[in-house]
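**Q** Here it is, the structure, as structure tokens.
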Amino acid sequence: MLAAYFDQFNVIRLITIQASLGDWLVTFTNSSMMMVLAVTAIWLLLRGDRLIPSRWQSIMELIHSNMRSVVQDNLGQKGQKYFPFILCLFLFIAMLNILGLFPYVFTPTAHLVMTFGLSLSIIIAVTISGFISFKLNFLSILMPGGVPLALAPVLVLIETMSYMIRAISLGVRLAANISAGHLLFAIISGFAFNMMVNGLMVLSFFPILILVFITLLEIMVAVIQAYVFCLLTTIYLGDTIALH
């Protein structure tokens, strides 16, 4: 029974192509399909150019304004070069999270491999950009100012571990919240279905009512987790603008 709840997280091969050179296999999975679908949906939503905006265009303009404020508040004017990346990152994660709320739809952001790969790529990019901007002075972020020299080795070790853990915490937070919501959906819906099968039609309305509230909660969680991911990414990008 427990294994059935985790079936929704299975990565399924849809198309497998044998590469002409070597033994490489190019595989298109349900995870790849959802990411392509999310990018396509975002591209269609961003095409609005009406003088009097439609409903979807108004929503996209609101998202655009809010994400620009996030970048401005945390990175200042110099950090506006990162705004397109932050906006696309938010739309990509939010779209995957929301699409995953539909029945029988695979959610890539519930997989730690996907979220950790995304967060690790961001931290590596921040590190490379920091070294490009500040050269070896970028390492000063590992040594807080005004600290006694005797404590330097310990603090450098702690700050280095803290910096490396960013990649783990950023990805785990997103995957854990999304997967927990999907498991809760599966458990309660299975409970409601079993009650209906056993003839307890009246009592089955209680878990169904709970599912309605959880659905509304999960929609908020889907957007909030995308926002938190982008907010933390923006804060981490601050190290490439100014050393603290």
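Glycine is no exception: its Cβ is also placed from the backbone N, Cα and C atoms.
Automated prediction, rather than curation, is the source of TrEMBL annotations.
When I checked TrEMBL for this same protein, it listed these features:
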type     : residues : note
TRANSMEM : 21-46    : transmembrane segment
TRANSMEM : 82-105   : transmembrane segment
TRANSMEM : 112-132  : transmembrane segment
TRANSMEM : 138-158  : transmembrane segment
TRANSMEM : 170-193  : transmembrane segment
TRANSMEM : 205-238  : transmembrane segment
**Q** With Cβ-Cβ distances below 8 Å as the criterion, list the same-chain residues six or more beyond the ends of the transmembrane segment (112-132) that contact it, or say none.
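**A** That would be 31, 138, 141, 163-164, 166-168, 170-172, 174-175, 233, 236-237, 239-240.
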**Q** Using Cβ atoms and a strict cutoff of less than 8 Å, what residues sit near the transmembrane segment (82-105) while being 6 or more residues removed from its termini?
**A** 34-35, 37-39, 41-42, 45-46, 63-64, 67-68, 70-71, 75, 174, 178, 182, 215, 218-219, 221-223, 225-227, 229-230, 233-234, 237
**Q** Within the same chain, where does the transmembrane segment (205-238) have neighbours whose Cβ lies under 8 angstroms from its own Cβ atoms, ignoring anything closer than 6 residues to its ends? I mean 6 or more beyond.
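**A** Residues packing against the transmembrane segment (205-238) from afar: 67, 70-71, 74-75, 79, 82, 86, 89-90, 93-94, 97-98, 100-101, 109, 122-123, 126, 129, 166, 170, 173-174, 177-178, 181, 184-185, 188-189, 191-192, 195, 244.
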